[in-house]
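**Student:** Can you keep this structure in mind? I'll have questions shortly.
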Amino acid sequence: MEQTMRGSVPSRTPSQTISPLEHHSVDKSLPIKRVKFVHAITDETDGRKSVNGWPSQPQTLTRSTIARIYRSFLDLLGILVSVPFIILAGISLDRNGKDVEESDWKRIQTSMNVAVTAFPILFAAVIGRFTRVIATWQLERGCSLGILEQLFWSSTFVSAIMTQFFMRSFNLLGLGLIILWVLSPLGGQSSLYILHTARDTTTSVSNIRFFNTSLNAPFNSGDIGSMPQINAIYMSSLLAPQSIKGSPMDLWGNVKLPIMSRMNGDTTRDGWKEVKKDSEVVYSSLLGIPFDGTQRGSNSSFHLESSYYDIDCFDVSLHPEPISMTNSTLLDVKIKNTGWSPPVIQKIPDHVFLGNNWSVPCGRAECNVPFTLGLDHYVTDIMHGTLDIFSNVTDNQQTYFDEPPVLLFQSRWWRGAPYQTSVAYCHINQIYVESEVRCVDTQASVPQCAVHAMRDSLTPHPARDLTSFIFPMIMQGFAIYLTQATGMTHPADSSLTERYLNNSASPLLASKDDLPLLLLPKEALSERLTQVVNTYYLSALLPEGMTGNFSAPLNSNRGEIYNKDYAAIPTTATQAAWKPYTYQVNPAWLTIFIVASTIMLFAAIWTAIIAHRTLIPDVLGYVSTMTRDTGDPSFPGGGTTLDGLDRSRLLKNLPVRLGDSKADDASAGYLSFTGTGLAQRASPGRYYE
């Protein structure tokens, strides 16, 4: 009988070919074919290499106590690492719809942040061991080599896809493995989005009040008792930080009105022009419009009707001497007793302007003022009054005069020559607007409010070129008080107002000497003069209500202009109050997370069950497995019950090579896994079986 070589390469006739699944279909009544193996290396059992710790006697497949404990520990660990993700999903379901507690939410956020990193790692460990155990179990039962390769090499999402292509095994097993590994990144990422916090709002309508900018100014009353308050508000506004000057609210929480003519953007069909947040907004005044009635803890939106002066300087130049001014005592004023309607308006001839002179009473002497204001139109039959006596219009395009009134601004500049003066001729209009105001509650003492959009007022109002300054007493009083608002100065010094016109961001950095305001661009001078006039005019209307005290009782000794019903205009506001934050789950992400976590847990459980029901050793995937079933004397014989890891540990110092074990055969070599001393290195030009 021919000697059979252990571990040799099988040499079969076609009739002797055995299917990989032959044991499932062998007819036991037929005689069993004996297969003869041929190996390049003769069996030299007596010359086998001896390894310390190698089994010397046949053994059963019963594992040692240490091996069972180690395997049980891995099984238990796989189950335990899966449980926290199930708990996290359960916590999310339990918290859904409940009010948020800050400490609890921080703990949950920490858990989710840990899960997004830990889940893919632990999922890969559990599922990787699961597919390995399934492959070993299938090997014991008998299966095709392709199934083993699919199970064993599908250890990541990418390898699961590549294995199907390389093996050309496009089947349900491959599809299932791909879907299984897709859950690894999805499960990790889903943990970040399974739970979040949100809060709803309750909408209600409330009544608020805002300041009536149509009030008469006190410049014609002769009552200067409130002037220190007015001047203090005015100077505080000029000296406010640039962050306040450029913000939508003033120092005291009043909302400021942008100059609509300087706003960029399109106009809607309803006439609204949105205030662009990404553009620089030019405000009409450093003071805003007071209002009250908004509720704490809620956001509000409302509309307010108001007006502001818009000044456009069309001619700025240097004059060798000041332009003539006149006062109300020199005008042809004829007060009628029969009524004030219709008023008679006259233009001052010869370019003489109604306003203040360059000197004002100062104790027993005359004090010089640094600048003057004047207007070339005035009402002849009414010294002071309101614009209610004029007919109303419904837009900001209609005018009353054929020739628009001209506002004169003069500022001395005595550097070049005595009496040299910067002179600006400007058009002045009163613009009536409707503003949409939105307020956001920030838990501060006042909400953060801003004008969101503006349009021409649809409420009837006087024409745009009619201003309170056409009344002689108002014009002259306003000009006198404004020039003195920041205190008297030396004849060669500039006032704080002029320094603001020169440097609006930091007035105190401007020179205190005479300033050449004529060098300012017309647009810059127009915008700053608009802000100066509006700021001082607004501060005089209701100083008690400008400094965050609008809802306080109004001073009753100031007459009708301080009547609550007249000074405050009621309107309605839409209040959106925030409810407390609540937990909200994301159903889609939570479903993915639960599915991935559940599959991970069941895979760990099935791994434990199948691993303990599998008898054969774990040999798949180990290099040491290639030393099994071979007649190579450089490898020890037996040891078939060893797991691949145990075999590797015992043979870790054994040198090996995949080389030519038939180097003496000139016709063809044979590549086999042997010890390094029994095979030569492969050659690129040699043929191999």
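Glycine too: its Cβ is placed from the backbone N, Cα and C atoms.
TrEMBL: automatically predicted annotations, no manual curation.
OK, TrEMBL features for this one:
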type	residues	note
COMPBIAS	1-19	compositional bias 'Polar residues'
REGION	1-23	region 'Disordered'
TRANSMEM	73-93	transmembrane segment
TRANSMEM	113-135	transmembrane segment
TRANSMEM	147-167	transmembrane segment
TRANSMEM	173-195	transmembrane segment
TRANSMEM	588-609	transmembrane segment
**Student:** With the transmembrane segment (588-609) as the reference, find which of 73-93, 113-135, 147-167, 173-195 contributes the most Cβ pairs under 8 Å.
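**Tutor:** Per the Cβ count, the answer is 73-93.
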**Student:** For the transmembrane segment (113-135), give me same-chain residues lying six or more residues beyond its boundaries with a C-beta closer than 8 angstroms to one of its C-beta atoms, as numbers and ranges.
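**Tutor:** Cβ under 8 Å, 6 or more out: 74, 78, 81-82, 84-85, 88, 147-148, 151-152, 154-156, 177, 180-181, 183-185, 187-189, 191-192, 596-597, 600, 603-604, 606-607, 610-611, 614, 618, 620-621.
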**Student:** Same chain only, please: residues at least 6 beyond the ends of the transmembrane segment (173-195) with a C-beta under 8 Å from a C-beta of the stretch. Say none if there are none.
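**Tutor:** Distant contacts of the transmembrane segment (173-195): 85, 88-89, 92, 95-96, 108, 112-113, 115-117, 119-120, 123-124, 127, 131, 147, 150-151, 154, 156-157, 160-161, 163-164, 583-586, 589-590, 592-593, 595-597, 599-600.
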